[in-house]
Amino acid sequence: MTSRKKVLLKVIILGDSGVGKTSLMNQYVNKKFSNQYKATIGADFLTKEVMVDDRLVTMQIWDTAGQERFQSLGVAFYRGADCCVLVFDVTAPNTFKTLDSWRDEFLIQASPRDPENFPFVVLGNKIDLENRQVATKRAQAWCYSKNNIPYFETSAKEAINVEQAFQTIVRNALKQETEVELYNEFPEPIKLDKNDRTKPSAEGCSC
């Protein structure tokens, strides 16, 4: 038996500008936080190697600009994603309201094989701030209505729930990657109607 190959997982972080996507990524990968805000231009990514159930996994985490002019980054950017992280700011209701459009944008551009079960994770960021505007129950209700998406309330600044959230992200992404590999290795069998079983094929293979 050949040794198990190294797994590369592509994770995309989406959300409005200023919700803390870059800060969350930097806190998880580099254990750093900066109070200086610098808008992401286009897209950028960081990598991190983690062990999951004795498997070495390399996470390629893509951070995107939230401005509308960058919203359509192209099919190549979205394709091949194993998990999509949707981020909003709990102190800014408008960033929560746009989660639907970000989710739809991803599904349209990425065209996953099984969109109904594609793994999303939602992060309500900046819980360290006092002027909270989006209630936990409201966010949980939205996630439940979207096939029960896992939801975490985070603070990139205080490193609250960041590690826990990304553990769920990598496990869900790994599950998606495994299912895709199995799908590619074992294509769906041809289903014959019971009336077709006794009929010889006159057309031959339709491949």
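Backbone N, Cα and C define each Cβ position, glycine as well.
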Candidate ranges 67-82, 131-146, 147-162 [criterion: Swiss-Prot lists as motif 'Switch 2']: 67-82
28-41, 98-111 - the one Swiss-Prot records as motif 'Switch 1': 28-41
DSSP three-state assignment (helix, strand or coil) for Asn125 (GTP binding site): strand
In the chain carrying Ala156 (GTP binding site), residues 6 or more apart in sequence that have Cβ under 8 angstroms from it: Gly20, Ser23, Leu24, Asn26, Gln27, Phe33, Asn125, Lys126, Val162
Gly20 (GTP binding site) CB neighbourhood, other CB atoms within 10 A: 24
Lowest local Cβ density (other Cβ within 10 Å) among binding-site residues: Ser17, Ser23, Asn125: Ser17
